[in-house]
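Shown next, in structure tokens, is the structure this report addresses.
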Amino acid sequence: MSLTNKNVVFVAGLGGIGLDTSRELVKRNLKNLVILDRIDNPAAIAELKAINPKVTITFYPYDVTVPVAETTKLLKTIFAQVKTIDVLINGAGILDDHQIERTIAVNYTGLVNTTTAILDFWDKRKGGPGGIICNIGSVTGFNAIYQVPVYSGSKAAVVNFTSSLAKLAPITGVTAYTVNPGITRTTLVHKFNSWLDVEPRVAEKLLEHPTQTSQQCAENFVKAIELNKNGAIWKLDLGTLEPITWTQHWDSGI
């Protein structure tokens, strides 16, 4: 899929991986990049505009933990501005297993709620045009970093939820896939808390292993968006992009 003249909404598009991905996206000659983030970063917005002045870049403050009704209200404003949205990227995430409720609220519940809100505009059963959802998971959603089980569990939930969305595409008209970064050198992983402090040095130990840069991750992130494969589970690790084949151990039969 060509991203030329597309309208993209990027939740957490100013974070570590998010900002580098936004830089790559504007190089693709989007029509609009709408960034929703908790913290404003005018310098980053100015930089993105300078990379490609032809792309209209808009920022709205957004906390993914707000009720669905508030997200729906914000999306109504965005749709009024850009008329159509082609791609939604759900990228908000925290890594701190001391904050159990907030980890689940940001990494999973917020993603589900943002998705639920945009379905109000996209669902073909309501006359919507459909759309594409790219959810950011993590390789920990495949195999946990066992010292951070809350974070890992939240990312496993993202993979499962997104796979369900993909299978619902014939009903809703909305396709979905996950991009799942491996350990990427961002502020997220420089220092974080393990669950119940089971491993005080978990961040240091993790960074002793091979990692990738956020730029490497961002380049493959955008490649995955361009490939636009419904139901795909992409692994973005060590500068590579690889589709994951999920092993089915049970079938609901419905």
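Each Cβ is built from the backbone N, Cα and C atoms, and glycine gets one as well.
According to Swiss-Prot, the feature NAD(+) binding site maps to 10-33, an assignment based on similarity to another entry. Feature annotation from Swiss-Prot assigns substrate binding site to SER138; the stated evidence is similarity to another entry. The active site, proton acceptor annotation in Swiss-Prot covers TYR151, and the record cites sequence analysis as its basis.
Within the group of binding-site residues (SER22, SER138), the Cβ with the highest number of other Cβ atoms inside 10 Å belongs to SER22.
Taking Cβ-Cβ distances under 8 Å and a sequence gap of 6 or more within the same chain, the neighbours of ARG28 (NAD(+) binding site) are SER2, LEU3, THR4, LYS6, VAL222, GLU226. Cβ neighbour density within 10 Å is lowest for GLY16 among the binding-site residues GLY13, GLY16. Note on proximity: among GLY13, GLY16, LEU25, the binding-site residues of the record, the Cα nearest the residue listed as 'active site, proton acceptor' is that of GLY16.
For the pair formed by SER138 (substrate binding site) and GLY16 (NAD(+) binding site), distance between Cα atoms is given as 14 Å, rounded to the nearest Å. Residue density at PHE10 (NAD(+) binding site): 23 other Cβ atoms are found within 10 A of its Cβ, drawing on all protein chains shown.
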